[in-house]
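Per Swiss-Prot, these features apply:
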{"type": "SIGNAL", "residues": "1-23", "note": "signal peptide"}
{"type": "DISULFID", "residues": "29-50", "note": "disulfide bond"}
{"type": "DISULFID", "residues": "35-55", "note": "disulfide bond"}
{"type": "DISULFID", "residues": "39-57", "note": "disulfide bond"}
{"type": "DISULFID", "residues": "45-60", "note": "disulfide bond"}
{"type": "MOD_RES", "residues": "60", "note": "cysteine amide"}
């Protein structure tokens, strides 16, 4: 019983610490300008970086 409780707490803590899944869709890019439109649709903010040919969207504020 005690081991199951600890495992449950570990799972809950892990899911709380993981980043939001918003913007998890893979967006292919070549330049940061390619990320502005798709990032605006996903996060409401056009801020994004093109890293390893995938967009990484940032949130505003």
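A Cβ is built for glycine as well, from the same backbone N, Cα and C atoms used for every other residue.
If you compare Cα positions, residue 60 (disulfide bond) sits closest to 39 out of the disulfide-bonded residues 29, 35, 39, 50. The Cβ of residue 60 (disulfide bond) has 8 other Cβ atoms within 10 Å, all protein chains considered. The 10 Å shell around the Cβ of residue 29 (disulfide bond) contains 20 further Cβ atoms across the protein chains shown. Across the disulfide-bonded residues listed here (45, 57), the residue whose Cβ sits among the most other Cβ atoms within 10 Å is 57. Residue 29 (disulfide bond) carries neither a helix nor a strand DSSP state and counts as coil.
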